[in-house]
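What Swiss-Prot says about this protein:
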DOMAIN    2-112  domain 'Thioredoxin'
SITE      Asp31  site 'Deprotonates C-terminal active site Cys'
DISULFID  Cys37-Cys40  disulfide bond
ACT_SITE  Cys37  active site, nucleophile
SITE      Gly38  site 'Contributes to redox potential value'
SITE      Pro39  site 'Contributes to redox potential value'
ACT_SITE  Cys40  active site, nucleophile
Amino acid sequence: MGGSVIVIDSKAAWDAQLAKGKEEHKPIVVDFTATWCGPCKMIAPLFETLSNDYAGKVIFLKVDVDAVAAVAEAAGITAMPTFHVYKDGVKADDLVGASQDKLKALVAKHAAA
């Protein structure tokens, strides 16, 4: 089964994915992004690749902070890109910025745990 990044388009979709991650005991990695954010566009292909590499082990979500502002505000997003890791419905880790090495390490750390 190939991986894929799930685009969150509503608070309800966000809540459903957090519940799914909790139910399946899978970590969720979220990319908080914006269409106008250059660094976000640069790291997006890596995020997509990681979703394939960790298919079945990790749930990958993408949240456009302008399209789903309520989710971004609730998550306390102040800069893009910001990556959050959720485990059992609770934020477990985060990364601010478009560092490819740090993003790879973040996903690997939580996929193995």
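Including glycine, each Cβ sits where the backbone N, Cα and C put it.
Positions of the features from Swiss-Prot, shown on the structure.
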| residue | record | Cβ contacts under 8 Å, 6 or more apart |
| --- | --- | --- |
| Asp31 | site 'Deprotonates C-terminal active site Cys' | Val5, Cys40, Ile43, Ala44, Phe47, Phe60, Leu61, Lys62, Val63, Pro81, Phe83 |
| Cys37 | disulfide bond | Met80, Pro81 |
| Gly38 | site 'Contributes to redox potential value' | none |
| Pro39 | site 'Contributes to redox potential value' | Met80, Pro81, Gly97, Ala98 |
- Task: Using DSSP, tally how many residues of the domain 'Thioredoxin' (2-112) sit in helix, strand and coil.
- Result: 49 helix, 29 strand, 33 coil
- Surrounding CB atoms that lie within 10 Å of the CB of Cys40 (disulfide bond), all protein chains: 21
